[in-house]
């Protein structure tokens, strides 16, 4: 924890049903308990405008390019209104999903889409990438069982196991592509507390 300084941007990534939101909240509560200035946010969403865009994105069947541009527009609003001001004020920002989710969920649907996602992001906000990203690595079969046990669902929750495998493989490839930023936490057989303790060791 002594390496963690003010104004850092931390993101959590992975397929649905792996405990990202739980881990984001646990880290947020831990940092608060240490009197460290911190905010917790999410994507797609995080601002009033971006949350409205989220409703369309997760519930409507959009054309692949439309879906990507919707996600990027929501992110721009989120970054400009919330993330960047908080970082400038010295807060640690924890975000449940960010650019890597867009690469895997929207980028995979387009030819050369993953590279396009990072190119668009660099154009919109050239100086803003996460300082550290935690990829919560849970096997797709386990993740989809957890999702099916939830009462709420959206269009991403009800996809097939093949879809989950494709997204999982994408996150694995991104962790190899950006090894300095993305830290893989193998969590299939760990309790939430054990995962949280591993995350702390990387800070």
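Cβ atoms are placed via backbone N, Cα and C, with glycine included.
Marked as ATP binding site by Swiss-Prot on the basis of sequence analysis: 14, 15, 16, 17, 18, 19, 20, 21.
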Key: Cβ contacts of residue 15 (ATP binding site) (under 8 Å, same chain, 6 or more positions away)   = 138, 140, 143, 164, 167, 168, 171
Ask   = What's the most sparsely packed of the binding-site residues 14, 17, 19, counting other C-beta atoms within 10 A?
value = 17
Query = Within 10 Å of the Cβ of residue 21 (ATP binding site), how many other Cβ atoms are there?
reply = 14
Request  = Could you find out if DSSP has residue 18 (ATP binding site) as helix, strand or coil?
outcome  = coil
Query = Within 10 Å of the Cβ of residue 20 (ATP binding site), how many other Cβ atoms are there?
reply = 23
